[in-house]
Amino acid sequence: MIDPVLLRENPELIKASQQARGDSPELVDDALAADATRRSAISEYERLRAEQKAFGTRVAQASGDEKKALVAEVQSLAARVKQADQAADAASVAFDDVVRGIGNPIIDGVPAGGEDDFVVLREVGAIPEFDFPARDHLELGELLGAIDMARGAKVSGARFYFLRGIGARLELAIMSMALDKALGNGFVPLITPTLVKPEIMSGTGFLGAHADEVYYLPADDLYLTGTSEVALAGYHSDEILDLTNGPMRYAGWSTCYRKEAGSHGKDTRGIIRVHQFNKLEMFVYTLPEDAEAEHARLVAWQEEMLQELGLSYRVIDTAAGDLGSSAARKFDVEAWVPTQDAYRELTSTSNCTTFQARRLDIRYRADGGKTTPVATLNGTLATTRWIVALLETHQQADGSVRVPEALRPYLGGLETLEPVGRA
RNA sequence: GGAGACGUCGCAUAGUUCGGCCUAGUGCACCACCCUGCUAAGGUGGAGUGCCCUAACGGGCACCGUGGGUUCAAAUCCCACCGUCUCCGCCA
């Protein structure tokens, strides 16, 4: 949720952000109007209610005929109070509805435009070259007995898969390596629920434009989370945090579920785009003034992971129109995938400033003791998808795959993944 | 799934019988000041969260698990839901 004070004091700034996102600037004027309506409705209710309460004291002290007369007199007032109360509620709901449609004001420097208008911040590592025909990750996965798409489809349908043998171990290895990196940087590990209540799902902003991406269990009114960010953000909802000892950093380990609606025919081969995968997610609660510096740290840790795994990548500053409604800025780290001749997203890190915290009511005590929304940030540290880049980048002519040194401790010292006879 | 108990301002509690002196009391912890040259000493005062009005001083409204309802008036009465605990049953 945007800051209502900012809305009142600097609507032009929010309009400019809406423009950059390709969203409606008119919403800002609608919100201002709804805010005015709401506030006058509340004032009217409170005035009447105060009158009624004063009357109540007199009624309580009176007796006999005098009391009867007073009760009769105040009855019509009670009706007006009820009416004003309902009007105030309705005006508040109307205001919320409009405000909810406005995205987090973007940070200065975020490129305007849509998906293709990102800015490349840097490219790191040489593009891998092969003196043999490179195999794609699925072919390698099948040779290694690591990925079984056919049986995934048999059991659960398209975009489901089994990781088996070295594939299963590989995922655990990457996840564990990420967990160790997180631990080394002061993150508290957290294995999170993957089914959450509607208010947590909407509080994190995932029921907005991308609601059709989310699995929902109507019988239980629960949502399956597409990232542990949801549970991690909800973890401290309705709380006042103590940030005097620095930011609170959590590393959430969870399975993630995504419908991938609207991407039919895209990335149908292999495990690039699937309905279910695992992810280690960083999540930080920090002071608003420290958020941008923390954002830079999150990207740096992500880059360390890719570098240690020997992957080539670029970092992009995502354009405003491609940000989620909660994010004020988003950096993606994209790894080079040889057989696609393209960079593909492996991590994403968003600075949600105070937007998410305001909706989830997560605050800290600022100087003077005033409660103020915290800033929240999140970013990927490892996912199942990393297997794709890893297999393709380190493949060798015979279909074996070299294990980067940093990963070996997590695979019992294994240096090479060798093809198996059967799958 | 069945039966029962419970949910109050950080923690612990009073208040719910029978609606109105509850503007929610008290203890602990907390903050400021005073007193005492020391130790878990004593005194005075302050202090919850959100919203609304105001340039400010200040004032108002809401919140007793959540949401409805009854009433001139609800922590208190009624309904539904959520959560916690105890016992029983069931269980990959």
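Backbone N, Cα and C atoms are what each Cβ position is placed from, and that goes for glycine too.
According to TrEMBL, the protein carries these features:
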| type | residues | note |
| --- | --- | --- |
| BINDING | A:THR227, A:SER228, A:GLU229, A:ARG258, A:GLU281, A:ASN378, A:THR380 | L-serine binding site |
| BINDING | A:ARG258, A:LYS259, A:GLU260, A:VAL274, A:HIS275, A:GLN276, A:PHE277, A:GLU345, A:LEU346, A:THR347, A:SER348 | ATP binding site |
| DOMAIN | A:136-404 | domain 'Aminoacyl-transfer RNA synthetases class-II family profile' |
| SITE | A:THR380 | site 'Important for serine binding' |
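Positions of the features from TrEMBL, shown on the structure.
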{"residue": "A:THR227", "record": "L-serine binding site", "contacts (Cβ under 8 Å, 6+ apart)": "A:SER254, A:CYS256, A:LYS279, A:GLU281, A:ASN378"}
{"residue": "A:SER228", "record": "L-serine binding site", "contacts (Cβ under 8 Å, 6+ apart)": "A:LEU190, A:THR192, A:THR194, A:GLY252, A:TRP253, A:SER254, A:CYS256, A:LYS279, A:GLU281, A:PHE283"}
{"residue": "A:ARG258", "record": "L-serine binding site", "contacts (Cβ under 8 Å, 6+ apart)": "A:GLU213, A:VAL214, A:TYR215, A:GLY226, A:VAL274, A:HIS275, A:GLN276"}
{"residue": "A:PHE277", "record": "ATP binding site", "contacts (Cβ under 8 Å, 6+ apart)": "A:THR255, A:CYS256, A:ILE271, A:THR383, A:THR384, A:ARG385"}
{"residue": "A:LEU346", "record": "ATP binding site", "contacts (Cβ under 8 Å, 6+ apart)": "A:LEU306, A:LEU311, A:TYR313, A:VAL333, A:GLU334, A:ALA335, A:THR380, A:THR383, A:ARG385, A:TRP386, A:ALA389"}
{"residue": "A:SER348", "record": "ATP binding site", "contacts (Cβ under 8 Å, 6+ apart)": "A:LYS330, A:PHE331, A:ASP332, A:VAL333, A:GLY379, A:THR380"}
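DSSP gives A:GLU281 (L-serine binding site) a strand state. If you measure from the Cα atom of A:GLU229 (L-serine binding site) to that of A:GLU260 (ATP binding site), you get 18 Å.
Following the DSSP three-state reduction, the secondary structure of A:GLU229 (L-serine binding site) is helix.
Within the same chain, residues at least six positions away from A:GLU260 (ATP binding site) with a Cβ under 8 Å of its Cβ are A:ARG159, A:GLU213, A:ARG273, A:VAL274, A:HIS275. If you draw a 10 Å sphere around the CB of A:ASN378 (L-serine binding site), it holds 27 other CB atoms from the protein chains shown. Taking the centroid of the Cβ atoms of A:THR227, A:SER228, A:GLU229, A:ARG258, A:GLU281, A:ASN378, A:THR380 as the L-serine site, the other same-chain residues with Cβ within 8 Å of it are A:THR225, A:GLY226, A:VAL230, A:LEU232, A:GLY252, A:SER254, A:CYS256, A:LYS279, A:PHE283. All chains included, 29 other C-beta atoms sit within 10 angstroms of the C-beta of A:GLU281 (L-serine binding site). Binding of ATP is attributed in the record to A:ARG258, A:LYS259, A:GLU260, A:VAL274, A:HIS275, A:GLN276, A:PHE277, A:GLU345, A:LEU346, A:THR347, A:SER348, and the widest Cα separation among these residues amounts to 19 Å.
Other C-beta atoms found within 10 angstroms of the C-beta of A:HIS275 (ATP binding site) number 19, with every protein chain shown included. A:LEU346 (ATP binding site) carries a strand DSSP state (E or B).
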